[in-house]
Amino acid sequence: ITEFLLMGFTDDQVLQGLYVPFFFLIYLTALMGNLLIIILTTTDQHLQSPMYFFLKNLSLIDICYISVTVPKSIINSVTKSYSISFLGCASQIFLFIFLAGTEYALLIVMSYDRYVAICHPLYYEITMNRSTCLQMVIASWASGCVYGSIHVAGTFSVPFCGPYIVHQFFCDIPSVLTLACSGEQILEYAFVIASFTFAFVCFLFLIASYVFIFSAVLRIPSAQGRCKTFSTCIPHLTVVILFLFSGTANYLWTNSKSASSLNLFMSVLYSVLPPSLNPLIYSLRNKDMKAALGKILR
């Protein structure tokens with residue numbers, strides 16, 4: 001096998017006509033929004049807390065995350081060449097899973113940051129010091145790299161029997177595994193089950209963090225104090241729900257053996273929407289971010 005064909009958009013002529021400008025606009029929006037957050041959290045002295053350090057890394061991940069799939073797909077549609085090399089497909093799967101795993105790990109770190117800030121505010125500066133935050137970010141990137149390496153090895157360790165048509169606009173594990181010879185996907189399926197089990201355990205840790213956070217917020221005597229404290233968690237909670245829902249929907253509710261509008265919608269929801277909306281979610285509900293943006297605009 002030397003190449004695969006990415007045929008995610010060939011069945012619907014209407015979607016084909018709207019695809020390039022729509023995806024280009026979304027990609028440009030995601031790029032500019034995340035770059036703006038990186039610039040603000042780097043240059044503004046009021047945005048040097050651990051929360052904004054993690055947010056800066058999240059924006060960097062989102063830029064890389066959407067750049068793995070969308071530019072290649074736009075180029076393929078413009079040139080009418082839907083092929084991707086075997087090595088390119090493997091690289092796309094590795095980078096996509098690597099960045100998705102890193103983002104998931106970083107979201108868990110950010111939930112811990114909110115837990116310490118709200119439940120143990122007196123120990124926040126000691127617990128979330130610069131060295132600890134850096135170690136957490138490095139651990140997130142390292143875990144994503146291991147996660148991506150395991151899955152790309154499991155996916156491409158199987159023989160493929162064809163046809164070599166991927167019913168998706170980028171290479172993802174479910175679509176590529178449908179091309180494997182019958183009965184040869186056991187190793188990767190075992191990796192997927194193990195990964196989902198580990199991710200679920202991490203999700204329980206995230207839920208536990210928010211249970212403690214909600215308990216602490218409810219103990220605040222004034223309604224204004226409760227709203228102000230909880231507002232610092234709403235952007236992160238929204239991003240977590242969006243990321244987990246779209247990822248679960250893509251891997252559990254779609255049929256990767258055929259092209260359909262539902263498959264297309266779910267894959268766009270998973271690969272394009274989170275990095276595009278994350279800057280909007282964090283900037284709209286954050287007074288410090290809006291103040292820093294106002295300084296730049298003035």
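In case you wondered, yes, glycine gets a Cβ from its N, Cα and C as well.
Sequence-remote contacts of a segment are chain residues at least 6 beyond its ends whose Cβ falls under 8 Å from one of its Cβ atoms, and for the transmembrane segment (20-40) they are 47, 55-56, 59-60, 62-63, 66-67, 70-71, 73-74, 77-78, 272, 275-276, 278-280, 282-283, 289, 292-293, 296. What TrEMBL records for 20-40 (among others) is transmembrane segment.
What TrEMBL lists as domain 'G-protein coupled receptors family 1 profile' is 33-282.
Look at TrEMBL and you will find 52-70 (among others) tagged as transmembrane segment.
With a threshold of 8 Å between CB atoms, the same-chain residues lying at least 6 positions outside the transmembrane segment (82-112) that come near it are 1-7, 10, 51, 54-55, 57-58, 61-62, 64-65, 68-69, 72, 76, 136-137, 139-141, 143-145, 147-149, 151-152, 155-156, 166, 170-173, 176, 199, 202, 205-206, 209-210, 236, 239-240, 243, 247, 271, 274. The transmembrane segment annotation in TrEMBL covers 82-112 (among others).
Annotation comment: TrEMBL describes 133-150 (among others) as transmembrane segment. With a cut-off of 8 Å between Cβ atoms, the residues of this chain six or more beyond the transmembrane segment (133-150) that come close are 50, 53-54, 57, 93-106, 109, 112, 191, 195.
With a cut-off of 8 Å between Cβ atoms, the residues of this chain six or more beyond the transmembrane segment (189-218) that come close are 104-105, 107-108, 111-112, 114-115, 118-119, 147, 150-151, 154, 173, 177, 226, 229-230, 233, 237, 240, 244. Taken from TrEMBL, the feature transmembrane segment covers 189-218 (among others).
Taken from TrEMBL, the feature transmembrane segment covers 230-252 (among others). Same-chain residues lying 6+ beyond the ends of the transmembrane segment (230-252) with a Cβ under 8 Å from its Cβ atoms: 51, 58, 100, 103-104, 107, 110-111, 114, 117-118, 172, 174, 203, 206, 210, 213, 217, 266-267, 269-271, 273-274, 277-278, 281-282, 285-286.
Annotated transmembrane segment per TrEMBL: 264-284 (among others), in sequence order.
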Inquiry  = Counting only residues 6 or more past its boundaries, what in the same chain has a CB within less than 8 Å of a CB in the transmembrane segment (264-284)?
reply    = 8-9, 12, 15, 23, 26-27, 29-30, 33-34, 36-37, 55, 58-59, 62-63, 65-66, 69-70, 96, 103, 168-170, 172, 235, 238-239, 242-243, 246-247, 249-250, 253-254, 290, 293
Inquiry  = Across the domain 'G-protein coupled receptors family 1 profile' (33-282), what does the mean pLDDT come to, as a whole number?
reply    = 83
